[in-house]
Amino acid sequence: MNSKMKEKSEAVLDMSPTSTVEGGVEDIYGEDRATEDQLITPWTFVVSSGYNLLRDPRYNKGLVFTEKERDVHYLRGLLPPAVIPQELQEKRLMQSLRGYEVPLNKYVALMELEERNERLFYKLLIDNVEELLPIVYTPTVGEACQKYGSIFKRPQGLYISLKEKGRILEVLKNWPERKIQVIVVTDGERILGLGDLGCQGMGIPVGKLALYTALGGVRPSACLPITIDVGTNNEQLLKDEFYIGLRQKRATGKEYYDFLDEFMKAVKQNYGEKVLVQYEDFANHNAFELLAKYGTTHLVFNDDIQGTAAVVLAGLVASLKLLGGSLADHTFLFFGAGEAGTGIAELIALAISKKTNTPMEEVRKNIWLVDSKGLIVNKRKESLQAHKKPWAHEHEPVNNLLDTVKAIKPAAIVGTSGVGRTFTKEVIEAMASINKRPLIMALSNPTAQSECTAEEAYAWSEGRAVFASGSPFPSVEYNNKLHIPSQANNCYIFPGFGFGLVMAGAIRVHNDMLLAASEALANQVTEEHYGKGMIYPPFGNIRKISAHIAANVAAKAYELGVATRLPQPADLVKYAESCMYTPNYRSYR
């Protein structure tokens, strides 16, 4: 007996490497003794109380846990004794965020908050949307993507690379949530106006889905950000030691499309027909191809093509109150003929065609596009990409924007070029000489790529311009009058649009749904807003705006027979508001 006790005592107290590296309790699983060559088991214990509860972002409430909850869920001693309301938590964090001078630091702080307290993150974003939107989305998200390798801490979505070819369904099953309603996916080839950022484009799906929840009301657990990594052609990233993606040139052609086909089939197999797949920041040639290929078999939406088109159309419809006339009465000029420019032009043409019962071919004649080689005309038709050919009209070639404005005499110029400061003083002055109220839409993101600033547009037009941009600009005082620039931000459309599809259980996206979304947004602009030169409503009302857009989109889905959630609710606006996710804390048993 004594001998056995002695042996056991020696084993526990033995400080030699044969027991435990640091002594103490016996190392049952071998982690302390493991070398890099030995295998260990990654044991985890999931308990919805105590220490683990404080580290579960979905349920953590921090100091808001009540006295009773602290007792029931074994939180005594794990938190300071103070019990505070969520509003005070929010106030303290906003004070902390405002202390950062660098926007990227604010972005990192917000992402860290999302990882530790999901509801507080969305509470901050919803209550301070106008202040925080430029942080979680453009322009700051662009810088975040450029530096994603350096600021990366933990994955926030799925990374599906060519290494997973043939196993994509298996990868999707690794995601812990099963009831996914919205997927935002990018291949990182054309991030904002910044070009190919490869795997580091993940900041875009993460940011877009945060806005789906905050602005549109889709549950966070129903959202899945995905980056498709097929390589990058960005030499700087390939040489960057901190780059987190595949170090190879981009896959193209059959290899690329086969991989995307496997992805789309796996998504449908794993999540069903009603999951919305939003394509984000794909290169032009791939964006159009994917939308055309899967638009008839999946619930797909391209925000760069369709979302941008819907929000710009809404702005144009609203601007008629200031410009006068109807859409059919005006000529429009686009500077930039990529997926955004042609997508907007096509939706404007569709809206006019439906309103006037005029053939699309005839309507297109009042819409002109300029690309990097100049005005798109019939003489260039043979060399044009397929998506540009419908916009080739009969006209002599014009090589620069200023001469094009003078020749075409448009009521509005819409910048989607991704090239900054291209709406020069001469261009704006020419627009002002043609129109009493020239409509200037400088939509390229981020701010550095904007075709002109709000201040320039107002100054060069002698305060007569109706201005909208893609990135936010501050108010401008000109001739003792305060001008409030509008932001033609896709955030007006895609959260409500996607929520409407989810709400109706839609199985396909139809162009009529985009027109319905544009109409709902334009109807939210009031006389008070027009008085300030605004053609979009303030972002502070975005949840209400999204509910109206969702209701319009859902109504159109029911009308077209593509909705599966039956019967149709009697009041779709009230139904939308009742379905929206709210970030207020819940009480725990």
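Cβ coordinates are placed from backbone N, Cα and C, and glycine is handled just like the others.
Fair warning: this is a prediction, and the values are worked out from it, not measured in the lab.
Annotation source TrEMBL lists active site, proton donor at TYR137.
Per TrEMBL, the feature active site, proton acceptor maps to LYS208. LYS208 (active site, proton acceptor) is surrounded by 27 other CB atoms, counting those within 10 A of its CB over all protein chains shown.
Sequence annotations record features per position, and here TrEMBL assigns (S)-malate binding site to ARG190, ASN445, ASN489. There are 24 other CB atoms within 10 A of the CB of ASN445 ((S)-malate binding site), with all protein chains counted.
A sphere of 10 angstroms centred on the C-beta of ASP281 (divalent metal cation binding site) encloses 26 other C-beta atoms. Here TrEMBL flags GLU280, ASP281, ASP304 as divalent metal cation binding site.
According to TrEMBL, the feature compositional bias 'Basic and acidic residues' maps to 1-11.
The domain 'Malic enzyme N-terminal' annotation in TrEMBL covers 114-295.
Summarising the annotation, TrEMBL assigns domain 'Malic enzyme NAD-binding' to 305-558.
Summarising the annotation, TrEMBL assigns region 'Disordered' to 1-26.
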Can you tell which of the recorded positions LYS208, GLU280, ASP281 lies nearest to ASN489 ((S)-malate binding site) in space, using Cα positions?
LYS208
Mean pLDDT for the domain 'Malic enzyme NAD-binding' (305-558), as a whole number?
95
Spatial neighbours of ASP281 (divalent metal cation binding site), counting only the recorded positions TYR137, ARG190, LYS208, ASN445 and Cα distances within 10 Å:
ARG190
So which other residues, same chain and not among GLU280, ASP281, ASP304, have a Cβ within 8 Å of the centroid of the Cβ atoms at the divalent metal cation site?
THR186, ARG190, ILE191, ILE204, TYR279, PHE282, ALA287, ASN302, ASP303
Of all the recorded positions given, namely TYR137, ARG190, ASP304, ASN445, which is spatially nearest to LYS208 (active site, proton acceptor) at the Cα level?
TYR137
What's the CA to CA span in angstrom from ASP304 (divalent metal cation binding site) over to TYR137 (active site, proton donor)?
14
Near GLU280 (divalent metal cation binding site), which of the recorded positions TYR137, ARG190, ASN445 can be found within 10 Å, Cα to Cα?
ARG190
